[in-house]
Amino acid sequence: MQFLDFLIALLPALFWGSVVLINVFVGGGPYNQIRGTTLGALIVGLGLLITGFAKFNNPTVIIVGLISGALWAFGQANQLKSISLIGVSNTMPVSTGMQLVGTTLFSVIFLGEWSSMTQIIFGLIAMILLVTGVALTSLKAKNERQSDNPEFKKAMGILIVSTVGYVGFVVLGDIFGVGGTDALFFQSVGMAIGGFILSMNHKTSLKSTALNLLPGVIWGIGNLFMFYSQPKVGVATSFSLSQLLVIVSTLGGIFILGERKDRRQMTGIWAGIIIIVIAAIILGNLK
């Protein structure tokens with residue numbers, strides 16, 4: 001593995017972790033944010049179409065791409081709703097943990113990914129670590145009863161719904177063997193359609209939507225770096241490194257967006273992030 005290839009493999013985490021930070025920074029609320037983000041992803045998809053990476057000779061790629069893209073938009077829209085309630089630093093570790101648990105359980109139960117006792121043992125260890133990490137990142141501040149906070153409870157319910165969309169986005173591609181740059185254009189079309197449907201009955205503005213194009217472009221470019229790095233460093237390594245996005249988004253929420261945390265919460269966040277990343281590395285190497 002070349003050092004440059006390793007650095008490029010880190011870029012998806014940087015790009016994907018920055019998406020929600022830019023969404024919140026430019027503002028506009030979750031409906032402008034999802035519409036703008038999905039249209040931004042479509043811009044990258046159109047670039048692939050123009051350069052000849054989108055092929056129309058495989059109906060499976062087209063259909064799976066469209067549906068999985070719409071599912072991603074559903075997951076992202078609900079994640080943005082959670083962020084509007086409890087912030088980036090509270091949402092992203094929980095969302096990342098839920099996604100890893102959801103995709104892993106589906107792959108194990110329905111796709112038979114863990115076929116050996118070693119995989120089962122290490123997989124269960126990783127799942128326990130994920131739950132522990134998520135719990136640590138969600139520690140309440142002193143004198144705060146977070147479990148009685150209606151916004152926190154509502155956000156957790158929204159994140160469960162969000163996870164369904166994200167898991168569907170990932171596992172559909174696995175089930176039908178669809179992925180890579182061939183599918184990205186059709187996924188981006190599905191995202192744009194999904195983003196429009198999800199926001200059509202809500203008040204949006206052209207300015208706020210336009211400002212949120214950038215996160216979508218960044219998300220699409222992060223995907224391209226992922227596709228480049230997988231054959232260079234391996235699927236397991238690229239997957240594990242991409243999960244470092246939770247560090248970028250969580251710490252960005254605290255230090256860039258100014259979300260306040262006390263010492264106890266910061267200790268829990270650092271410990272939780274490290275544990276979630278370790279679990280992601282274990283899961284990545286079980287693939």
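In case you wondered, yes, glycine gets a Cβ from its N, Cα and C as well.
From a predicted model like this one, the values you see are computed outputs, not experimental measurements.
As recorded in Swiss-Prot, the features of this protein are as follows:
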type	residues	note
TRANSMEM	7-29	transmembrane segment
TRANSMEM	34-53	transmembrane segment
TRANSMEM	60-77	transmembrane segment
TRANSMEM	114-136	transmembrane segment
TRANSMEM	157-179	transmembrane segment
TRANSMEM	184-201	transmembrane segment
TRANSMEM	208-230	transmembrane segment
TRANSMEM	235-257	transmembrane segment
TRANSMEM	269-286	transmembrane segment
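At the 8 Å Cβ cutoff, the transmembrane segment (34-53) and the transmembrane segment (184-201) share at least 3 close pairs (sequence separation 6 or more) and count as touching. Remote same-chain residues near the transmembrane segment (157-179) are listed as 60-61, 64-65, 67-69, 71-79, 81-82, 85, 91, 94-95, 98-99, 102-103, 106-107, 110-111 (criterion: CB distance under 8 Å, separation of at least six residues from the stretch ends). Within its own chain, the transmembrane segment (208-230) has Cβ neighbours under 8 Å at 5, 8-9, 11-12, 14-16, 18-20, 22-23, 26-29, 32-33, 35-45, 180-181, 184, 188, 191, 238, 241-242, counting only residues six or more beyond its boundaries.
235-257 is the stretch from 114-136, 235-257, 269-286 with the greatest number of Cβ pairs below 8 Å to the transmembrane segment (7-29). If one looks beyond the transmembrane segment (269-286) by at least 6 residues along the same chain, the residues whose Cβ comes under 8 Å of a Cβ in the stretch are 89, 93, 96-97, 100, 104, 113-114, 119, 122-123, 125-127, 129-130, 132-139, 235-237, 239-240, 243-244, 246-247, 250-251, 254, 261.
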